[in-house]
């Protein structure tokens, strides 16, 4: 009992440590009074379509120097981010209201596009000093926080749409304190430490907050066209009357203006992301973890009782008998002892099993390392795309582990290393091939919609080059190491003639599929938060909780697979290899079913067949990765359990 308590205290400590250690993820910038700062704009996004589009696909004001794209990493490109410069200029600690531009009369295509983006709830995502714009809204007396602001709005009981053309910005600044320790991170500008000389020069203000209030204001277009960009205009209050708002219709000219207010804040630069990463539902996370711990300890208790009282008792009784008595006992008794000559017989499709286990080891390693680094703060949300980039890099370099695990299992099953090169190539191509097919199909859908989420052809070639130059050689090298590693020797000999398996009243696969409910019970609450982050545009930064859930999932998968394997051996079913894999891997089936449930009941606003196909495609890819990872955990645990179990049996 004391051991259980210590484990629980350790998990609490790890969670608090992971949540407390935070790296903001970018250089600290200080600005002097009057310094110009230009906002950037990311792709337009919507929770209704999940199809990102370029900001300048709509008739917005363009900067005087022209549109310039920011350098993007691999993760940003895959996520569909397209960060451009914008015309919105801010001057440090200068409160002002400025004119931007007036469009030409809207044509039919522009009106149709603006109305469509408005009704599909598209959001404009603006960034200042690497901080997304925050918007606060009240619903039923509760203040709700959003990132970005809508393209426009459609009043109820009206066929008209109105565009957001006036923005009221509030920029929170903190006076630079030279004695505050800076934090290293990885933002878009790179990585570095502020030197003492730079500290003395960097007298000024840090931007620690960026808020926006969107408005729709009807202007006299003829009068406003006489102004130039950044000319001052009177400050306005957001009108509530529709006749004072800017309607979207043909031949209308839309004037864009904005105003900015700088406000001093006590928030310091290392804490400026706290407003975005407020932990919601912490009690729900802890309830999920405690519930999972109860399941784990209950299941572990059953496992230990079975093994200590049944397995050890049988082994002790078996070893105390002489050879004649053992032979007589084998004829009289049934159970796992009777399959001693078949338990290590080569399974069907053994090559496919080795391939899936090899790739499963790689995916598991990638997930564990990524979540550990994220929990420690090395993959900050300030560094857009770094999480996905890190996962891809880890996957590529862990090819050496995949090749080693797959080939060593192949050598164990076959008794020879012959064919290891073909197996290593298959491991290198298996999951990337599945991902390539799914992403290519989805990419055609994105291309047909002119979405920025479509993967460019150049990126396809870059990914192919990374795979061929890093993943394939490392997988082959890992396979070579697997051929040189000491072979795992089976403790018993395999009979030439397979033993007949007794008929069962119900299919054994039914029990295997049902076993996935226990790992899913550990995972499903965290799945809700992850899905909400991906599909509803919310920040997910509770990696401390996710790390604990991952560790619990590993334990549950191992326990479930071992119990199912033992149950099959007890009924003289020696074909345990694939069943051990799918006993824990079947959790992927429930994850995919949950994703469909989430689509139907939580993403009711998702519209159009393209959006639904994108959602299902990405969910399917995630489920396959989960199946390979959890199946591998269960299989390897069962393999070592069976090896240990039968190594205790004395056989001539």
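Cβ from N, Cα, C; glycine included.
Membrane topology of residue 356 relative to residue 641, as recorded in Swiss-Prot: same side. Feature annotation (Swiss-Prot): of 266-286, 287-307, 308-328, the stretch labelled transmembrane segment is 287-307. Looking at which of 461-481, 511-531, 542-562, 614-634 has the most CB pairs under 8 Å to the transmembrane segment (387-407), the answer is the stretch 461-481. Shown for the topological domain 'Cytoplasmic' (482-510): DSSP residue counts in helix, strand and coil, namely 6 helix, 0 strand, 23 coil. Here the transmembrane segment (542-562) lies next to the transmembrane segment (614-634) in space: the count of CB pairs under 8 Å, restricted to residues six or more apart, reaches at least 3.
Residues 45, 47, 50, 123, 147-148, 276-277, 279, 381, 598, 602-603, 606, 615 of the same chain sit 6 or more residues outside the topological domain 'Lumenal' (532-541) yet have a Cβ under 8 Å from a Cβ within it.
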